[in-house]
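Feature annotations, reproduced from TrEMBL:
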TRANSMEM  B:12-37  transmembrane segment
TRANSMEM  B:49-71  transmembrane segment
DOMAIN    B:69-373  domain 'Cytochrome oxidase subunit I profile'
TRANSMEM  B:83-107  transmembrane segment
TRANSMEM  B:127-148  transmembrane segment
TRANSMEM  B:160-177  transmembrane segment
TRANSMEM  B:189-208  transmembrane segment
TRANSMEM  B:229-253  transmembrane segment
TRANSMEM  B:273-294  transmembrane segment
TRANSMEM  B:306-326  transmembrane segment
TRANSMEM  B:357-378  transmembrane segment
């Protein structure tokens, strides 16, 4: 079969046209692909105009911006833009904006700063972003804690709840990789016999409700093994990371089973240190923010998390 | 399609089965690799070296079968759909091989290291990734569009010249566009500019294809109104036009600074995959299944209509909700208050997604319901097979070529 349309059977010998499509008025190319035909429609001008416009856009971009490689170099573009410089400049602008208020947190008098409503209006929303982006994953959106993670909006603190104390905890962490980190460990009492562990767990679990029997064998075990860290009568408050055992604030839970797990395996939760990630001023603003989280006036029992085996954190506020 | 438009039988009896079974075996390896963590951490190119080598074998066989069949065609020329298929098979092979060049840790281990390093690796990955979209999800499906749409509409292709321009335009421009996935990264600025400008120029051949498909329906609009199958194909062409416009738009650097890493990208991809790729596939399925099982129509014609409206409602809800989600995310992430501090924490932008993700679930559910209806309809059609012979079937006896 010849491919010259003029020689095809039925074709117009001058134009090669074989059939005219009644809808568009154009002839077909003469091809027939299993029933599919193609119209000889002339090239639409709008497509050429569009192509010209996009090419013009591209050429302008190539002239203005870095675009074409030239061996080991490239065309710089007449705007002379460098994406790293542009980004750094914008970051500098933002840092300048922040310096006005953040600078006052470099070496803060927290009481004075708290009494400056204008400053607080700028700093506390910013500190909230820092808190939500860095702390809320463990401590909760509103500071409510979670299984193994301390509540921040109550009045109970292991390492102190004043802004200065919180700032130190943020700077060095707890059981963290920082050389000056706060350190605390609940050792494993796995050497005790099962009966002793069981008695001691029951005793500790009964302490918050004041139902622990002071004359029992477990009370002796408690005095010999626990008081050194948890304080006389388990009252805590020694700023050593060991929680009070009388007011139901243990983040791993204080029911008998949870206490048993803590006794058998020990606990050593970690709070990371933030001095490499945040500036001193940011840490101070954040400390003030955390100290101002609305205290609910009492120990919040509803949000005190239940025991969780293998939790990563420790009662270390 | 290749056989119909070339009037030639497949070149071999065994190797097509090897391609079919081999490709599905690769898919099983790829899918189980995701579940079991056996991946090389490259987007769209996760399978490890052993699966990659197997795919090369399958894909080269595919190409050989294709070319040998094309070589024995009884038509003097090659139909435009077949050009697209050829580009699809050839370029996917090229992309797959280059991006997956890797050294196994040992021959007995599933892990490997890519031979590319640093930003070159990122560039190769997105040259691969973007052209996987171009030649897998576009070229192959444009081939389907160029066959099923004119056949179903009983209309000639509107412009032969435009289809040629689109083909070469798409094949040429797409190759340059991958770097728009790496705006504002360690990739040199000049590569980003080139990627951006070629992405913008790419819009013209893309719209030429979509426009050619829609103009082909001139004279058949009553069929689009009455026939849900043809309507699937029409909507596919419209979504193809929309997604390619959106793609060129998002490739512009300042636009990308808002959209990148947000759900806008996800919405864009789904307007392509649900609105374009899936719709043309549904159109093709509803054209093929009755033909293959010797019937005039699907067993449940009304279910096709239901499927159409479920699919289009699902796609629109899905895509529009993700546009909103993405733009919301982009605006929240870049907002600073007057003190130079971020206006929103990341978790707030996550919480803001709730209504959009709920709508997305609804949209996806509608779409999936439509697809299930399609599967059941196909099953019913197959079980009610007839013995009709298509009038358009023509003898395969070769006619003297030139």
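Glycine residues also receive a Cβ, built from the backbone N, Cα and C atoms like all the rest.
Long-range Cβ contacts of the transmembrane segment (B:273-294) within its own chain (Cβ-Cβ under 8 Å, at least 6 residues beyond either end) map to 137, 141, 144-145, 148-149, 151-152, 228-230, 232-233, 235-236, 238-240, 242-243, 304, 307, 311, 314-315, 318-319, 367, 371, 374, 378, 381-382, 384-390. The list of residues near the transmembrane segment (B:12-37) in space but at least 6 beyond its ends in sequence, with Cβ under 8 angstroms from a Cβ of it, reads 46-48, 50-51, 54-55, 57-58, 61-62, 64-65, 68.
Averaged across the domain 'Cytochrome oxidase subunit I profile' (B:69-373), the predicted model reaches a pLDDT of 95.
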